[in-house]
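Asker: Have a look at this one.
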Amino acid sequence: MTNLRKTHPLMKIINSSFIDLPAPSNISSWWNFGSLLGVCLIVQILTGLFLAMHYTSDTMTAFSSVTHICRDVNYGWLIRYLHANGASMFFICLFLHVGRGLYYGSYMFLETWNIGVLLLFAVMATAFMGYVLPWGQMSFWGATVITNLLSAIPYIGSDLVEWIWGGFSVDKATLTRFFAFHFILPFIIAALAGVHLLFLHETGSNNPSGLCSDADKIPFHPYYTIKDILGVLLLILVLTSLVLFAPDLLGDPDNYTPANPLNTPPHIKPEWYFLFAYAILRSIPNKLGGVLALVLSILVLAVIPFLHTSKQRSMMFRPFSQCLFWILVADLLTLTWIGGQPVEHPFIIIGQLASILYFLLILVLMPITSLFENNLLKW
């Protein structure tokens, strides 16, 4: 009798995706982040579901409903901080996952990469709307500032902003619709992640060498299931440590003050994972230019496959490209730091230089360096 997992219509899909999937024998721990992102998404959906049972999306009661969750609901504080810090873990895994893709040339799987860029946008939109829900000072002013950026769009900008707000300012209608979108988007993300995997399994995984690994494949289970479980345990260790010992480490103290439209916080800034994009936005004095730079800072990822000039796929054997990659990482860390600083000297000029370097590295220096490396090898 044939094994049930190979004959049952539903089990067959699971089997070919997670059990008998042929995987390269040499993929490193950098390939763990896909499964970790899946775990993060499940944690976020489950904790979010329980939070939604007690949360009220009304401007008068939103802040106090979050307080009620933390004080009166059994383990409400745990669920709330798992959800808040789970978002941070989600983005850490996302950035490392994208970084891995850049370093090892995984972007050459065009469909998989483009769905990934779409996923990144969806996760960022979800996180932004989630940050508005507690209705603290930073929630309100963050929502006001970021939605206001759309007014820079010529002709339709002002109407578009009022349409999103559902009125003439960020108010009850805005909060209600943000809650609705914040609830539905993770399920759209889950569906997109399924498509992401579907396209990935069409080609098979890349590997650190960037070479074809068809001659040396091993089954996903038990080798990579065990490896993924180790990654998940480490993720849970870091997340629970953060939640139980320093739950507010990555948050903003201003968000413990209820939203007040009459009192602007001294420094309006988003969550830490948006600071690099926020720094790029602020480094351009023109409003429309800033908005374009903000969108392009993420959208530039979609262009990377077309700028791949090297004859090799991975950066594993390309030391000059490796140098530029790590300069890009340092540049992004600099932008993250600048995004959290006030708009004054010397932070303005540092932010502007870091923003120029970011686009220069991706669009100009990396492709040219790849051509130079080809010439060195007489290719």
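Cβ from N, Cα, C; glycine included.
As annotated in Swiss-Prot:
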| type | residues | note |
| --- | --- | --- |
| TRANSMEM | 33-53 | transmembrane segment |
| TRANSMEM | 77-98 | transmembrane segment |
| BINDING | H83, H182 | heme b b562 binding site |
| BINDING | H97, H196 | heme b b566 binding site |
| TRANSMEM | 113-133 | transmembrane segment |
| TRANSMEM | 178-198 | transmembrane segment |
| BINDING | H201 | ubiquinone binding site |
| TRANSMEM | 226-246 | transmembrane segment |
| TRANSMEM | 288-308 | transmembrane segment |
| TRANSMEM | 320-340 | transmembrane segment |
| TRANSMEM | 347-367 | transmembrane segment |
Asker: Measuring CB to CB from H97 (heme b b566 binding site), give everything in the same chain under 8 Å that is also at least six residues away in sequence.
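Answerer: The list for H97 (heme b b566 binding site) reads F33, G34, L37, given in order along the sequence.
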Asker: Using a Cβ-Cβ cut-off under 8 angstroms and a sequence gap of six or more, which residues of the chain neighbour H83 (heme b b562 binding site)?
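Answerer: For H83 (heme b b562 binding site), the qualifying residues are Q44, T47, G48, L51.
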Asker: Show which residues of the chain containing H182 (heme b b562 binding site), separated from it by at least 6 in sequence, have their CB under 8 Å from its CB.
Answerer: G48, T126, M129, G130, L133
Asker: Are the transmembrane segment (33-53) and the transmembrane segment (178-198) close enough that 3 or more Cβ pairs fall under 8 Å, when only pairs 6 or more apart in sequence count?
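Answerer: They are in contact.
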Asker: What stretch, picked from 33-53, 77-98, 226-246, 288-308, has the most CB pairs under 8 A with the transmembrane segment (113-133)?
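Answerer: Per the Cβ under 8 Å count, 288-308.
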Asker: Just to verify: the residue among H196, H201 with the fewest other Cβ atoms within 10 Å, which of the binding-site residues is it?
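Answerer: H201, out of the binding-site residues H196, H201, has the fewest neighbouring Cβ atoms within 10 Å.
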